[in-house]
Amino acid sequence: MNTFGDNFRVTTWGESHGKALGAVIDGCPANLPISEQDIQNELNRRRPGYSIFSTPRKEEDKVEILSGIFEGKTTGTPISGLVFNKGQKSKDYSKIKDTPRPGHADLNYFLKYGNYDYRGGGRSSGRTTIGNVIGGAVAKKLIEFTHNIKIIGYSTKIGKIKGDFDYYKNPKFFESDSNIEKLLKKIENNPLRCPSKNSDEMKDYVIDAMDKKDSVGGIIEIIIKGIPQGVGNPVFNKLEGKLGSAFIGINAVKGFEIGRGFEASELYGSEMNDAYHIYENSIKEMTNNAGGIIGGISTGSPVVLRVSIKPTPSISKIQDSMNLISNKDEKIEIGGRHDPIIVPRVIPVLESMAAITVADLMISSGYINPCRI
């Protein structure tokens, strides 16, 4: 439905062209230092207008916290935050309200519910991820404050152009906090949030698609660094199962893999297995091909995840569809303001869902006191 999590729960609400969107976070312990600006900083990363490759829709996305935070700290009660929509242009959709847009949820929503908000996709719009990011901002703060866990997201592939930077090209890079700080700055200073040296080639690829009135997708890598051993459970409450559920809940996501992922099918067992050794009186893995999770439980190594993002379905090209009133085939030309690539703006959303998942399981696994910090 609209709530994710068991102990740390985030409920999102709102539609693309409604009055407002937001989230209610229940289960955050008291005494967590956090400000409205902390949440705003994360929303700014998701906000439209981030780069030349994002929608020209103008939105301030200013968050208002209504409850749950007092004198700069959480109170342990539900945290409620909202963002008012200000830049919606619903008239852009009035001409196509009876013609389902290919690649969107319009037709499925109509067939299932009968009555749905067609403006900008309503509840199925990417804009509804504002609620995810509000919840994720709180979760990020919680896991970093209590266990210094950091979540780093970046694009590794745009369309058919593969980047030259990812975790497995240099795993030791992520052992250094200074390296990570430099990486984060590099990511945020790139319009595609891509740290690869060939990111200019990726930019040209997107521009070419824009010139053709088309769109492109890509692959995002998410690294969770600092998560302790023992987070997650066997069988139906696995860490990777929860992360997969969190990510697949985002409409743009079409694929998900952990560690070596599908590449593991090509390896010998001797190549895939992460051997152990004793280092400074602790058991350490010599490699991290499993991606930080074995048996549904975190190993203590960085969790390595990759997510496939589909091309933005709203494109300016004329497409085939049908009319729900006349029940006849019809051409559709989508107006409005849309992202030629959604990948860079999905990154903070994926980071948010990863943080919510980790916070939830760390509370259930006993790593975080559910009452107070």
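Cβ coordinates come from backbone N, Cα and C, glycine included.
Marked as NADP(+) binding site by Swiss-Prot on the basis of sequence analysis: R46. Marked as FMN binding site by Swiss-Prot: R123, S124, S125, N251, A252, G295, K310, P311, T312, P313, S314, R337.
Scoring each of the binding-site residues (R46, R123, K310) by how many neighbouring Cβ atoms lie within 10 Å, the top position goes to R46. Note: the Cα of S125 (FMN binding site) and the Cα of the residue listed as 'NADP(+) binding site' are spaced 14 Å from each other. Around S125 (FMN binding site), a 10 Å sphere centred on its CB holds 21 further CB atoms from the protein chains shown.
Its Cβ taken as reference, T312 (FMN binding site) is surrounded by 21 other Cβ atoms within 10 Å in the chains shown. The Cβ of A252 (FMN binding site) lies under 8 Å from the Cβ of G126, G217, I309, K310, T312, I342, V346, each of these being in the same chain and 6 or more residues away along the sequence.
Cα-Cα distance from S314 (FMN binding site) to R46 (NADP(+) binding site): 18 Å (rounded to the nearest whole number).
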